[in-house]
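Asks: According to TrEMBL, the record shows the following:
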DOMAIN    21-217  domain 'ABC transmembrane type-1'
DOMAIN    346-555  domain 'ABC transporter'
TRANSMEM  21-39  transmembrane segment
TRANSMEM  51-70  transmembrane segment
TRANSMEM  133-151  transmembrane segment
TRANSMEM  157-175  transmembrane segment
TRANSMEM  244-263  transmembrane segment
TRANSMEM  275-296  transmembrane segment
Amino acid sequence: MKRSQLLDFLRREADLPLPPMLAGMVLSGLCQGLLIALANTGAASAGDGLTMTRLALLIVYLLGLAAWVLSLRRSLKDCFTASEQALERVKTRLATRLLQADLRYIERESASGRFTPISQDTRLVADAVMQGLYGLQSLALFAASGLYMVWKDPITFGLIALVFALAVPQLMRHYQRATAETRLSAEREARFFALFGELVQGFKEVKLHRGRSEAIQAELQSRARSAHAPRHDINRRTVDDLQFSSGILYVLLAALVFVQPSLWPSRSDGIEQGLSIVLSLMGPLTAFATMLPMLARAEAAVGGLYALEAEIEAAVHGRAAEVDAPMAEGPVAADPARPAFEHLGLHGAAFHYTDAAGEVTFRSGPHTLEIRRGELVFIVGGNGAGKSTLLKLLTGLYPPMEGELRRDGQIVDAAARDDWRELFSIVFTDFHLFERLHGLDDVDPAEVRRWLQVMGLERKTGFENGRFTQTALSTGQRKRLAFIVAVLRNKPVCVLDEVAADQDPEFRRRFYRELLPELRTRGTTVIVVSHDDAYFDCADRIVRLQDGRIVADTA
Ligand SMILES: Nc1ncnc2c1ncn2[C@@H]1O[C@H](COP(=O)(O)OP(=O)(O)OP(=O)(O)O)[C@@H](O)[C@H]1O
């Protein structure tokens, strides 16, 4: 039998040792068995009144009860702590590794819904750990009741052992199949949710177009069906298992009540006791059979979380350029008196996109470009010329596949790329607006509100308790807010990708004629992607791109 990934997960990730937890649960199951046995014994002598034997029985019963309460409480509490601890560790590690991965990996995988199952998987593991412990307790209770039977009635015990021998291997076989099928179903479900996410994102477009809506609906249906198929098999087997494990006990009951007295009339006296024990076994065995599918899902979920971690790890280590150093904690301390750089440059730096077959679909570079401190540079060119890709290369989000980045003539290697990225604050065309100004805890709220006023947003959103009170704004307003965030970050270089697009003419004028020069005046190097040729005269320098190459660089 394969090792349990769930147990391995708790053993590796939690600080609390696993054996005492499991032992506690087994003990609680044994105590439960003891209580049933003692109650049975007590019932047999109920007519004797309060004899010394019955008093001793009661005391042992109460001790057993106390042991049951204590062992169950302790191991459940520990188990809860351990599973939350383990999950927290894995989630944190995933997030940390994800931050080290490069943008290409994230772009590719998020599009295919690779990260969708994480939240479901982690919840499932937390729930299943508890269920698993109860399952263990059920087994212990089963074993305890079995032991009691050996003592009271070896023949009935033999029958129960037979039930066990028949039921458990079958349940375990199904359990292992369910683990594999659950993984398959989760992968297919992720594909469903990827498309579902697209549907939500592109709802407006879909809503307006019946043909598209029908095609998406059909595709969603087919993906849902293919995710459902393995789960259907699992559910079918679960029903079979439940019926099998309960049904076999009913057969046992019949054997005990009807067949046994006919074969051994002398044994009819103990039937009631045997009956009550067999009935008490039904609960644990059914609980065990019900819990197995959930455990199987959790096994698959743990496998999925580790597989994702290994994949991110491989993406971090296996990319063309060397690995980035882990992110430094907090912003890199800079000497305020010393400028962060005099020149930032790309030297023969190139990057390309590939399709699923590995064919190059777009090549950016090789570029040789030096940006001087304090410059206001416009990057211009037609749609698809490669302006945004150049920015991603320049800001260190895409590692150069050829050539290098240089800071004041010094080559920026992978280990220094994190510091390099710290030089920039960026507003991309597909920016994400976070509610909070993460990493800007000491920002002066008055300064934020001043900027909201400068950008004409003071009546649209506010800044309270470190967060914007409203981020659901118009496209142009959201861009203005993103611009404010970039400015507040106060980095040496501010990169603005088509921020003036979607703005009204008056704001556009202020952006080019007042805001950009103001940024330059305060010492920020500004790189702007622009299609607004009416304002090209604002730039110190214009870099023109065509088909991924710099075709002109004019001052
Ligand atoms: N994430 C991506 N994956 C694969 N190909 C991409 C990706 N982003 C851009 N491309 C391809 O790279 C080329 C250049 O895109 P890029 O966004 O850099 O151009 P751009 O000059 O910024 O365009 P626009 O002015 O339309 O914003 C495009 O042909 C596009 O197909």
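Backbone N, Cα and C define each Cβ position, glycine as well.
Small disclaimer: the values here were computed from a predicted structure and weren't measured.
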Asks: Counting CB pairs under 8 Å, which listed stretch among 21-39, 51-70, 275-296 touches the transmembrane segment (157-175) the most?
Replies: 275-296
Asks: Please report, as numbers and ranges, the same-chain residues at least 6 past the borders of the transmembrane segment (21-39) whose CB is under 8 Å from any CB of it.
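Replies: Here the qualifying positions are 57, 60-61, 64-65, 67-68, 71-72, 74-76, 78-79, 82, 133, 136-145, 147-148, 277, 280, 284.
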Asks: The domain 'ABC transporter' (346-555): mean pLDDT?
Replies: 91
Asks: Same chain only, please: residues at least 6 beyond the ends of the transmembrane segment (275-296) with a C-beta under 8 Å from a C-beta of the stretch. Say none if there are none.
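Replies: For the transmembrane segment (275-296), the far contacts come to 6, 29, 36, 40, 124, 127-128, 131-132, 134-135, 137-139, 141-142, 145, 148-149, 152, 156, 160, 163, 167, 171, 174-176, 178-179, 182, 234-235, 238, 241-242, 244-246, 249, 252-253, 256-257.
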